Amino acid sequence: MDKPKVVLGVSGGIAAYKACEVLRRLTESGHDVQVVPTEASLHFVGAATWSALSGHPVSTQVWNDVHQVPHVRTGQAADLVVVAPATADLLARAAHGLADDLLTNTLLTARCPVVFAPAMHTEMWEHPATQENVATLRRRGAVVIEPAVGRLTGADTGKGRLPDPGEIFEVCRRILARGTAAPDLAGRHVVISAGGTREPLDPVRYLGNRSSGKQGYALARTAVARGARVTLIEANTGLPDPAGAEVLRAGTAAQLREAVVEAAAGADVVVMAAAVADFRPAVYATGKIKKKDGREPEPVALVRNPDILAEISADRSRPGRIVVGFAAETDDVLANGREKLRRKGCDLLVVNEVGERKTFGSEENEAVVLAADGAEVPVPFGPKEALADTVWDLVAARFG
Ligand code: CTP
């Protein structure tokens, strides 16, 4: 079988050096990569590097090997075009259909999925000109990955960093796996909670649970690849931020509730994949609870935490918003799941059976997705990503 053909466009920003790692990941995982740098980007990484790492000659202009019509062929032959980093200038040229070098010609002739990973200073990213160009590209079906927040060139920090190269590669891998399927969550804002809350008992102890957050992160990554704007609210996962997702942190159920309620106000979909503690200690001891000689410990009194899923499901202030819950059950899995779907009032409920190898901390999952309209979709044992894609298929079908 032919290797999938990827065009890696590189425009002129300091983050160009990180594209070397994107290229390595792509070639090492069996992709045939043609690097198309802009002239400006060669100030940062030279053509010799791209040529050596990709195994192909590299050109910035349409005037080399004209008999092979590279300005048309390169784009036509590609299964995926990814531009990393995409500067403000490159986004502007792409949005306006300019064709003044090989990369912009390639973008005009490509009929495959196109991904832009922008990187620039915060002011340039936030400028209305850039934001309008990004909106135009997204409206036309391109996936534009939100930049990460962090250290920029020089001493400043803010939004505009190129996401981790490994995460950009993950987005590319997922989009290639989808073939020519359109980014069906484009224009949708999805909010996903992931991980497990910790309810503090004293400064050194907490009540927690075994949720790793992997299923929630798989949902975030697949949603980015399907074009969504993703807000991921994570509780105690320690996992690397997925490229393109805005990541917010919450520790306790109360913090998670506040973050979810605020983000949900503007969301089209809310997925509660986090394991939220149902109870918290009634009293937080400000000093460490000590052993007392010869005495049994005091019992710990618990109080109920708010049910975030039920609250969001009951809030009809945003008609059309789709709410998805998760349920981990050990017994009478389906019967409990159906009852929970009714009780929580959500649109979809993903029911997992908890057991050895399944669910907590593992890379795989097996589930049945129950819908409020009575549909029941079994998802066979497999990667958490496959379950995530089934959830998004069902969500996208409900948007019609
Ligand atoms: N959930 C929530 N807020 C809580 C508890 C749970 O939003 N305080 C959400 C979880 O994120 C998950 C779903 O509700 O999407 C299922 O949680 P689960 O704890 O299994 O449901 P419970 O109602 O607590 O049912 P039970 O404890 O009886 O199994």
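Every residue, even glycine, has its Cβ placed from backbone N, Cα and C.
Unlike curated records, TrEMBL annotations are generated automatically.
These figures come from a predicted structure and were not determined experimentally.
Feature annotation from TrEMBL assigns CTP binding site to Asp278, Lys288, Pro306, Asp307, Ile308, Leu309, Phe326, Lys340, Lys344. Within 10 Å of the C-beta of Lys344 (CTP binding site) we count 21 further C-beta atoms, all protein chains included.
Among the features that TrEMBL reports, domain 'Flavoprotein' is placed at 5-171.
Confidence across the domain 'DNA/pantothenate metabolism flavoprotein C-terminal' (185-396), taken as the mean pLDDT and rounded to a whole number, stands at 94. Look at TrEMBL and you will find 185-396 tagged as domain 'DNA/pantothenate metabolism flavoprotein C-terminal'.
Residues annotated as region 'Phosphopantothenoylcysteine decarboxylase' in TrEMBL: 1-189.
Summarising the annotation, TrEMBL assigns region 'Phosphopantothenate--cysteine ligase' to 190-400.
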Item checked: Most crowded position, judged by CB atoms within 10 A, among Asp278, Pro306, Ile308 as binding-site residues -> Ile308
Item checked: In three-state DSSP terms, the structure that Lys344 (CTP binding site) belongs to -> helix
